[in-house]
Amino acid sequence: MAEFFTFMSAPAAGCIILSIIFTYFGCHVLKREIVFVDLSMAQLAALGATVAFIMEIELDTPESLAISILFVLVGGAFFTWTRSFTHRVPQEAVIGIVYIVAASAALLLSSFSVHGDEHLKTMLSGSILWITWKEVIRQFAVSAIVAVLLGIYHKKIEEQSLSYRSLRTTGISSFWKWDFLFYVLLGVVIVFFIKTAGIFTIFTFLIIPATCAALFVDQLFKQFVVGSILAIAVSLIGLTLSFYLDLPTGATLVCSFGATF
């Protein structure tokens, strides 16, 4: 038992942070009906990390993070711009196109390195079992800064999420800056979690807790609270199963959430 708490305390702390910050974004993503935007933004962050990897820049260095942030900024700007004509084409179609192109580009780039397969596996499934307290503190700091910004602009972001469908036909000029801010904040959080959590785990934390909460409560804040509590509980159960059954942590977390749903 002592070994469990010593070894799993940092991963558990990381999962708690993941649960809270991504459940918040997940509730808004569901309201906006852009469920797969997280996959696309995560894939863009992974593509940026892959570009850095091919340039022989070590992951999680300031240079690598800057490249990934640049990619998610471009992605956020593109998604914001395409909203001006998504009354003709569903936003999910645009998001899906970005995801598959970014994923294919990452595959192509990785083929130029002998360690490309290992890099792609890390980007997909992460390595949260090996997260350090230094990384936990950094992720907490980033999440706290993002949370402060979300708190400052909460009313505008929530207003937009609750009336997102009607805003689709009003033109981009009336809401583009809040749309862009939402994408950027989501993208920045993803950049700092992509190496430890991976694309699949991030998507799981974003969508499944928020979806489960939405089945039982209607109000956005209540969905966030219920979803966060659920995410924390399920992720800790998943970590425990992973430790005692010697299973891959990322896949165990995803399957635990899937079983809960």
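Backbone N, Cα and C define each Cβ position, glycine as well.
Just so you know, TrEMBL annotations are computer predictions that nobody has curated.
What TrEMBL says about this protein:
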TRANSMEM  6-27  transmembrane segment
TRANSMEM  34-55  transmembrane segment
TRANSMEM  61-81  transmembrane segment
TRANSMEM  93-116  transmembrane segment
TRANSMEM  136-154  transmembrane segment
TRANSMEM  175-194  transmembrane segment
TRANSMEM  200-217  transmembrane segment
TRANSMEM  224-245  transmembrane segment
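Contact between the transmembrane segment (224-245) and the transmembrane segment (175-194) does not hold: fewer than three of their C-beta pairs are under 8 Å, each pair 6 or more apart in sequence. Among the stretches 6-27, 34-55, 61-81, the one making the largest number of Cβ pairs under 8 Å with the transmembrane segment (200-217) is 6-27. Against the transmembrane segment (93-116), stretch 34-55 has more CB pairs under 8 A than any other of 6-27, 34-55, 61-81. Same-chain residues lying 6 or more positions outside the transmembrane segment (6-27) and placing a CB less than 8 Å from one of its CB atoms are 38, 128-129, 131-133, 135-136, 139-140, 143, 146-147, 150, 185-186, 189, 193, 196-197, 201-202, 205-207, 209-211, 213-214, 220, 223-224, 227-228, 231-232, 235-236, 238-240, 243, 249, 253. Within the same chain, residues 37, 40-41, 44-49, 51-53, 91, 94-95, 98, 172, 176, 179-180, 183-184, 186-188, 190-192, 194 sit at least 6 positions outside the transmembrane segment (61-81) and bring their C-beta atoms closer than 8 Å to a C-beta of that stretch.
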